[in-house]
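Worksheet for the structure shown next.
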Amino acid sequence: MPIFYESLSDNLRDWALRQPLFFVSSAPYRGRHINVSPKGLPDSSFAVLSPSKVAYVDSTGSGCETICHLRENGRATVMFCSFDATPRIMRLFCTGSVIEWNDPRYAGYVKRMGVKSLVGARAVIILDIFKVQISCGFGVPLLDLTVDPETNEPKPCFTNRPRLGKFAEYTINRGELPEYQMQWNSRSLDGLPGLHSAMRDKGEFIWWAHVTNWASYYHFQLDIIKTGMALMFLVMVVAQWVGYVLYQW
């Protein structure tokens, strides 16, 4: 079951900096492409500036999705996960901004982060945390060693953790799976409708879920229509006022 915090504690900060990589996801408001970028070198490019603010040095790459999305809507999520014996997933839900390499503030942020500016770095990404989510990570594979049959040399490999399957089996045997799904799978973090079977078990109407999804999907167009109607009303009021003034003359 997930646990939520408003900021990073010292032990979560230290754990994050020990991980070999992290992931950054972002998306435009209306575009089709949702971006996920793996980032290496967290110990030398990622920094925790305060319990509610983190930053990382962004290297030049073949795309610029995160920077573009942050400048459009300021939304990003950072995820760390453990590949060792102790499983964990940590997500940092953030709002962010971009400090480019030629910005006068860039050198100051790099110094504050306590990292060396990477060769080819193009920006520092500043992220303000508004929610921290911790979950079990039992579905993340374990990094292990095996023997290459051709060379007889050890090589890294991924092995599945048995805990997730055992948890599901235990929950099913106790008849607790529907209750678990009702609690954790019926809604998203933002309240969007989720698993229909879980919603039915909670006594919710699926047709209303479809209406909610439709309204969420088309809210941008609805906002444009409402704004257009408000502007039209304002123009009509101004036109009537101008006509009244001219009539008085």
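Each residue, glycine too, has its Cβ placed from N, Cα and C.
Per Swiss-Prot, these features apply:
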type	residues	note
BINDING	Leu21, Phe22, Phe23, Val24, Ala215, Ser216, Tyr217	substrate binding site
BINDING	Ala76, Thr77, Val78, Met79, Phe80, Cys81, Arg91, Leu92, Arg105, Arg163, Leu164	FMN binding site
TRANSMEM	227-247	transmembrane segment
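On the backbone, the CA of Val78 (FMN binding site) and the CA of Tyr217 (substrate binding site) stand 24 Å apart.
Cβ neighbour count for Ala215 (substrate binding site) (all protein chains, 10 Å cutoff from its Cβ): 10. The binding-site residues under consideration are Phe22, Phe23, Phe80, Tyr217. Their Cβ neighbour counts within 10 Å are lowest for Tyr217. For the binding-site residues Arg91, Arg105, the largest tally of other C-beta atoms within 10 A is found at Arg91. According to DSSP, Arg91 (FMN binding site) is assigned to a strand segment. DSSP assigns Arg105 (FMN binding site) to coil in the three-state reduction, placing it in neither a helix nor a strand. Inclusion criterion for the binding-site residues Ala76, Arg105, Leu164: a C-alpha placed within 10 angstroms of the C-alpha of Phe22 (substrate binding site); this criterion is met by none of them. Residue pairs drawn from Ala76, Thr77, Val78, Met79, Phe80, Cys81, Arg91, Leu92, Arg105, Arg163, Leu164, the listed FMN binders, are separated by up to 47 Å at the Cα level.
Note: the CA-CA distance between Ala76 (FMN binding site) and Val24 (substrate binding site) rounds to 7 Å.
With a cut-off of 8 Å between CB atoms and residues at least 6 apart in sequence, the same chain places Leu192 near Ser216 (substrate binding site), listed in sequence order.
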